[in-house]
Amino acid sequence: MSGMLGQYVHLFGEKLVRRRPLKPREESESHVAHLNTFDLVVLGVGRILRPGVYILAGKVAKFIAGPATIICFLVAGLSTMLSGLYYAELGAQVARSGSVYFYSYVTMGQLHAFITGWNSILSLVIGTARVAKAWSYIFDRLIGNHISQVLQEAFPLHMPSFLATYADVFALGLVLLMTVLVLGVHESALVTKVSTGLSLLVLSLIILSGFMKGDLHNWQLTEQDYTLATAGSNDTSRLGPLGSGGFAPFGFEGILRGAALCFYIFFGVHIIATKGEEALTPHRSIPLGIVISLFVCFLAYFGVSAAVTLMVPYYQIHPYNPLPQAILHSWGALAGYVVAVGTLCALTSRLHSAVCRMPKLIYEMAEDGLLFRGLTRIHACAHNRVKSIMAAGILAGVMALLFNFTDLVDLMSIGTLLSYTLVAFSVLVLRYQPHQNFSKNKRTEDKTEMGPVVEESPLESAPEAGTSNPLKSLCNPISTTPTRKSGQIVCGCAFLLVLLLTILSLLLALWPSQVFSGDPGFTAGAVLLLLLIAGITAIIWRQPQNPSPLPFRVPALPVLPVLSIFVNVYLMMQLSSVIWAEFGIWNAVGFAIYFGYGIRHSLEEKRDPQPPASTSQTLHEHTPSAESS
């Protein structure tokens, strides 16, 4: 009985890590390399630059970080840049254009891919709901708050605080209207360019206004200024908290909390990494494209947050309409209306692009059998993914209807941080694995048909280190190339590192004063965790790395991925327990779908009912969907 149970558990575990094989493509099916560095930068800026900054900058400045919002964007941008480099190496492992979900399925296995894809769906859906919510807020403010007043009277939500105070039927209608339009009109490059151009134009006007009309005193506000503002205000309830005043009124904790929220604003950098097959010089243009795109977007976000906090004291910023209000405060009503209309135009084109992108990933996962097969239905006349489009549109509309903007930002940020953590973990593990042929070109297959080619497996190139002395294999492996044993050591150490880093992040997030004030128990616990983390990192460092040439390799392994995982997890701990509960519910639903349906209906299950004996077994053929999410 125990033997049968052990075999069942082993087979079940093999299903979770089963990879999606690649089929060699003919010359005619391959993408022609045509993208240079400039093309990738334009693509990256178009995907990363988000109109959500129109509201987010004001929200973070007023309640969370004050003028130090610019530092929040800097922290988020630097961490995102590292994650972009991990995406670049992950894409180089596959050497095929596709989504991050597809890369995860090919390299890390089914469960890892499902978690990545499911949380990417969350980011895409919330991104659409957030744009609709921003459109609703700004338009409502433009016409004198009449929409919100009517909706509060007609559709009040007497629900817990994590939901909106009223059902935003207007935002729901926007999403559903755009969904219906997308059923007949596909996403166009022209719409994307127009959206990016409008966003850059509006943001440039805001930045110029900030430098022309801004006052540096607004970065050095005191209690006396706050008292004068309170005395001169007809509605003191609209004033935000003062904090301690100065440039960072809410301290280091406020900067970290703000950085955790600002992460989602850089979401989309992975689109550059998925273009490795189409780039002319991927080893150079992809990392450069990632870095330059993030730098351009950071300058835009930095300029906007600096301009707003220079033009208006941070405690007087309107949380849902900061940019037009700042222009109105400095230039007058006409300029404020012009900026508001320009903002709405940019949001409209961005909403169209967001609704177009949502169904692609849902369709790809359903096509693989991890989501319900009915979502792959193609409309006979329009030739579009009708079920995926409707499902994505309804889900985004419901979120725009029920959730307020802040909770949508929080939920998207935690999903983005988890995605960044997963990709850093993937690169850390894959670099130390034996060579695995994820894709085979046609020439190799032809050689195989002509006659067997005898290749020496990495598992046979050197004896398994540490069979007689396990400790020796940890600190001084015999083989100079990765073996199955060294790969298993790194995989186990990486999981242990994530656990220890999570505990350390939780300790620093919940009890920072006790840890840094020298409390014996808390300080000793933090030091012990640091020593364990350093020791396990050293064990990984001693293991041999895979010498296979890649177009791009992340430097400074294993230190850089460990640092990135710590930063991402620590920033996730800055988010509220309510957001964690909502995120847990989303993933619980996802796991229910996966274990109840996906694991039994996936293409890999139908292709090979018996799981492969090892991860280095020859992969079967399958044609992937190379669509980018």
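Placed from the backbone N, Cα and C atoms, the Cβ positions cover glycine too.
Record features (TrEMBL):
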type	residues	note
TRANSMEM	64-88	transmembrane segment
TRANSMEM	100-126	transmembrane segment
TRANSMEM	163-183	transmembrane segment
TRANSMEM	190-212	transmembrane segment
TRANSMEM	286-315	transmembrane segment
TRANSMEM	327-348	transmembrane segment
TRANSMEM	386-405	transmembrane segment
TRANSMEM	411-432	transmembrane segment
REGION	440-468	region 'Disordered'
TRANSMEM	489-510	transmembrane segment
TRANSMEM	522-542	transmembrane segment
DOMAIN	552-602	domain 'Cationic amino acid transporter C-terminal'
TRANSMEM	554-573	transmembrane segment
TRANSMEM	579-597	transmembrane segment
REGION	606-629	region 'Disordered'
COMPBIAS	619-629	compositional bias 'Basic and acidic residues'
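Shown for the domain 'Cationic amino acid transporter C-terminal' (552-602): DSSP residue counts in helix, strand and coil, namely 39 helix, 0 strand, 12 coil. Mean pLDDT of the predicted structure over the domain 'Cationic amino acid transporter C-terminal' (552-602): 92. For the transmembrane segment (386-405), the neighbouring stretch richest in Cβ pairs under 8 Å, chosen from 64-88, 100-126, 163-183, 522-542, 554-573, is 163-183. Within its own chain, the transmembrane segment (100-126) has Cβ neighbours under 8 Å at 15-22, 87, 90-91, 93-94, 264, 267, 270, 273-274, 354, 357-358, 361-362, 364-365, 368, 370, 392, 395-396, 399, 408, 411-412, 415-416, 418-419, 422-423, 426, 429-430, 438-439, 586-587, 590, 594, 598-599, 602, 604, 624-626, 629, counting only residues six or more beyond its boundaries. Sequence-remote contacts of a segment are chain residues at least 6 beyond its ends whose Cβ falls under 8 Å from one of its Cβ atoms, and for the transmembrane segment (522-542) they are 428, 432, 474-477, 489-490, 493-494, 496-497, 500-501, 503-504, 507-508, 511, 514-516, 557-559, 562.
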